[in-house]
Structures are given as structure tokens and as C-alpha cells.
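**Student:** Here it is, the structure, as C-alpha cells.
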Amino acid sequence: MGDYDEDTAFLGQTGPYFWTTFFLLNTVFVSTGFNGLYIVFVGATPEHHCLIPDVNLTEEWTHAIIPFTIVDGEEVISQCSRYRLDVVRNLSAEGYIPGRNVNLTNLEQEGCLDGWNYSKEIYQSNIVTEWDLVCDDQWKVPFASSTLFVGYLFGSLISGYLSDRFGRKKVVFISLGAQCVSVLLQSFSRSWRMFCILFLFVGASQISIYISAFVLGTEVLSKTMRVLFTTLGAFLFYCIGYMTLPWIAYGIREWRTLLAVLSATAVVYIPLWWFIPESPRWLITQGRVEEAEAIVRDAARKNKVEAPTVIFKESEALSPSRTYSMLDVLKSKNIRCITLMCLVLWMAINIGYFGLSLNTSNLSGDPFMNCFLSATTEVPAYVVSTWLLRKCPRRALLSSFLTIGGGVLLLIQFIPDTLQYVALALEMTGKFGFTMAFSIVYIYTAEIYPTVLRNVGMGMCSSAARIGSITAPYVIYLGTYNKVLPYILMGSLTIASSVVNFFLPETFNRDLPETVEQMQECQGLCNGPKKRKYVENEGRKNPPIQHEAKSDIQTLTP
């Protein structure tokens, strides 16, 4: 096959066909935004205490039966224990008054044997209140969150194969249907186990939507539109869905209804089947040249340009090339060093990003507004990072925002409880830093690896990212023991990763390495003094590295 961009150059770089396809494909990412983090509300833990059955207690004993405990230096009502009901009932019947005739500290305590009483000030119901996922069972909430990210891991592993085998368009719409059915079935869950199993399918289908739609966009759109699509379009439309979620949850406080409504939104994507084309590039690789030409001729008609008689030239013989695997990453000490540092970076960034995203319901203030602010901070982060990537060295840029993100998290523990808005502002600043680092690390890593190892390297880093996101809910769970523990852990890990980043080679204004030998010659502290500096081709102006890297890696996912 000849060069596809050259063969379709007559279509131009913009036009009605490209703009229509651009917006229709981007709308798909909206669904991944509001279906990805509804566990923030569905799994939130409201105020609760032991349920006290009606056993004719006096008013004084009804209020006194719940003991006080010290949490983070403050005296609060116990959420997991009460004074023994039979003892309190006898004391009440005999006319004793708590605190006056009876020293409460001497009374024996017991667990919440009759269940819990939950506050309905914010949530009418969710999985925590329905299945009592508190106290000894509170670990089940972060476990449920992790099943979504385990689904991400499985989905990212199989979606590439499926889209290569059956086509990008089919996988996008099948995944949309699978996500719709999974979320709908989840709304009918009869148990926590059923909820977790279905959440696994939600995660797998959701990441499959993102990957397949991302690949389809990079292959269908022109070079100019592809740049806009991969740098801003997909991320910003994801943010639109993310920002929409808290307002939907604000209007629907009952979790089953919320999930049913979210699943129903997939109906709006059905008509898009007749407007979004299959990838002509993929069709050509499958030998379906006539179908590919039909799509390109339809694009020419919509763009009001004349297509040539023969669009795609005859296939050119390609010399067989060596295939590379993860074993090749392990053979070279330099590549092992770089890969290990990249894995640390990706894990740390994903723990911080998803940790802060999942923590919005635990912040002071309105959880819906906190979630909206958390989503809103991502919009300027993506815009600014796209601009900075054109101007600044990657190594210093990434380390700067990792330091910002981790530094403000370490500062939060020193903010007094009376300055809640200051703590909230610092957390949003941290989210901004992590989002910046999130978008930069994709491009940076793609530029580090040579073409022959780029897919392998990015695949390993993506797996590390999934491990980080699976870990994130448990990092937030540490807040049940001490509210500053998650911030200390995320902040320390991020600062450490920013130091590790300084040992990676710089890629700004350098040609993308094509071979393993060129990667080993790239400048970097980990390469050692005997490594030669990778020299750019003289007199040739480099294209925007971030765009080239993104087009090479078609399976990047957030």
C-alpha cells in the first residue's frame, strides 16, 4: 500500500466531512466521562451510626447509647459501636440517668447488631447504605472501585486485537452497547458481588470505547485534524462528560435510578452508526480496497472536491521486518533502566490522578460541587499542556508539574480545619498538576522509545498505569485511619517520581528514534558517560514531536 496521506491529499486538511467526523467521534468520549467515575457518588459513605431498635428507652438513654470516640483529634459519635442494648435497657427501666447516676465509660460496648442508621441529607441510597458497606465491611467499597480499573486492564489488552480483527467502527459501537447493558444490569444488582462483577465489564467496555474511537479518529481524519483530535478533542470531550456527571447525580440521589439514566444515554449514539465511517486504512489492510475507496469518494463529495479515477495505488512489496517483544526491552541495560523509570512514573501519576478523582466525595463541602471543580481543573490543564509541549523541554516540564502536584498534597496536612477552602484549593491545584503530568507523560514516553519498540514500551507503561489506578482506591481508603495518610503517600510518591524523571533522556527538538541503537544513543543521565549523544539530521527542521508521537501510538488511553 502506498502512503495513505499522499493518496488522499486531494481531500484537503479540513472541510465538512472532517469536521463532522471530528465532532461525532468526540461525542463518544462524553460517555466515558460520566460513566467512568460514578462510583464517587454510588460508593460514597454518608454519616451513619448504629441503629437503635424501639425498646422503650428514655429520651436521655436514646441519645446516650451511642458512645463518642476520637477521630483525627476530634470527638465524634461512634459509627461502629453502641453500649450494650440489654444493659442500657435495664438501666433505663430502673430510672438511672446517663452521666448523673451512671458513668458511661464503664459500660460495655457492642457492634451494630441491628444495622445502621444513615443520613439521607445528601444521598437517598447507594451501595453503602443498601448493603451496609461500613465498619468491618468498608473495605468492599475500594475493592468495588478497583474492579473498574481491573476491567480497564483487561479491556486495554483485548480491544486492540478486536479492532484489528473486526474493524474500528464495529468495536466502538459494540463496546458502547456493552457499556450500556453492563451499567443497566448493574442498576439491578442484588448483591455487592454482582455489582463488582458487572463493574468489571463496565471498565472493559469503557476503555475499549476510548481506545477504538481514538484509533478510528487518528486513521480517518486528515493530518491537521488528527493533531487537534489527539491533543485536545478526545480529552476535552471526556472532561465534558466528567463535568456533566455531578449534575446528573445531584438531580438523581438514588443510585439505581442514576445508573439506569446513565445507561440510557447510550441511545443517542445509535444514529451515529450511519454517520461515522469505518477506517479506510483498516479496510485497505484487509484487502477491502473498494469499500475504502467508496468512503473516500463520499468524503470528496462532502468536501466538494473531485476524486481521481484511481485513488489507491497497487500494493507495494514490503520487505520483511523483525518483530520485537518485551524480551528485547530486557536485553539492554539502558532500555531496562529507562523502562523501569517510566513504569514508576506511570504508576505514580495514575495513583495521584485517580486517587484525587475518587476522593472528591470525602472532601469538605458539597460533594457534587467538589466533583465538578475537580473535572473543571482538567480543561485548562489539557489546553496549557498542549501549548507547553510545543515550547518546553519534556524532562523539566514533567518534573515541574509532578513537584507541584506532590508538593501541594504534602502541604494539605498543615492546613487547619478552619481553612477548608484553602485545603480544597490546594487539592484542586494538585489535580491540575497531575492532569498536566498525565498528558505530558504520554507524549514523553512515546518520544523516548524507538519505533520498533514503541508499542511494546507503551503497552508495558499502560499496564503499569492500570496497576496504579487499581491501587488508587486503597490509597484513599487509608483516610479512614487518618485523613492525611493518602496525601502523604501520594505526595511523597509523586515527589520521588519527579526525581526519577530527571534521569530520563531529553527528547525535545530531537527526531524520534527509529532503532534500538538510536534510543541507546539518546542523551540521558542513565546512559552513562560512554554513550554518545544522539545527533539530529543537520539542516532539517523537526516536525512537532508531540503530534508525531501521538500518531505513532494509537492505543493511548487516559
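Cβ coordinates come from backbone N, Cα and C, glycine included.
No curator has checked TrEMBL annotations; they are predicted automatically.
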**Student:** For the feature transmembrane segment as recorded in TrEMBL, pick the matching range from 23-42, 143-162, 443-462.
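**Tutor:** In TrEMBL, the transmembrane segment feature sits at 143-162.
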**Student:** Under 8 Å between C-beta atoms and at least six residues away from its ends: which parts of the chain pack against the transmembrane segment (396-415)?
**Tutor:** 345, 348-349, 352, 388-389, 422-423, 426-427, 429-434, 436-437, 440-441, 444, 484, 487-488, 490-495, 497-499, 501-502
**Student:** What parts of the chain pack near the transmembrane segment (143-162), using Cβ distances under 8 Å and only residues at least 6 beyond its ends?
**Tutor:** 36, 39, 43, 127, 171, 175, 192, 195-197, 199-208, 211-212, 354, 358, 462-463, 466-467, 469-474, 555, 557
**Student:** If you count every Cβ pair below 8 Å, which range out of 194-216, 228-249, 255-276, 484-504 shares the most with the transmembrane segment (335-355)?
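**Tutor:** Between the stretches 194-216, 228-249, 255-276, 484-504, 484-504 has the largest tally.
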**Student:** Considering only Cβ pairs under 8 Å, which range in 194-216, 255-276, 367-389, 484-504 makes the most contacts with the transmembrane segment (228-249)?
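**Tutor:** Ranked by Cβ pairs under 8 Å, first place goes to 367-389.
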